[in-house]
Amino acid sequence: VLSSQDKANVKAVWEHVKGHEEVYGAEALHRAFVCDPQTQTYFAGKDLKENSAYLHGHGKKVMSALTNAVAHIDDIEGSMSKLSDKHAHELMVDPGNFDILAHHILTTMAMFMPQCLTSANHRSVDKFLSTVKHVLTSKYR
């Protein structure tokens, strides 16, 4: 459960993410695809090279969805309901991949904005990403 301090920390960190969703998202996805190649399973036939338009476009979608979740941090479940349905019923993504991607998102944030990712902010963002993962997997059965 995100405390009021966690929510404030996440919002503060996300002010530095806004406007960089494409770059951060592409970096996080690229790291996931290289370090954890099993994550490529859902992207057959897609150009997953580091500078590909597809990777940048999908990275922007991922991080923009998280930006939206931050904007609705008091109702993450409601704001991500359609995305949860899509991942559970249409895409059938292995829920373990959300853990992998969350790790690479945190790594990317630490790389691009180390001054923002203090230990307290790191903890809060990690809790936020865990909340998002829980919401995204809540409709799996």
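Here the Cβ of each residue, glycine as well, is placed from N, Cα and C on the backbone.
Annotation source Swiss-Prot lists domain 'Globin' at 1-141, citing sequence analysis. The O2 binding site annotation in Swiss-Prot covers H58. Summarising the annotation, Swiss-Prot assigns heme b binding site to H87 and lists sequence analysis as the type of evidence.
In this structure, H87 (heme b binding site) is part of a helix by DSSP. Separation of the C-alpha atoms of the residue listed as 'O2 binding site' and the residue listed as 'heme b binding site': 14 Å, rounded to the nearest whole number. Per-class residue totals from DSSP over the domain 'Globin' (1-141), listed helix then strand then coil: 108 helix, 0 strand, 33 coil.
Look at the Cβ of each of the binding-site residues H58, H87 and count the other Cβ atoms within 10 Å; the largest number goes with H87.
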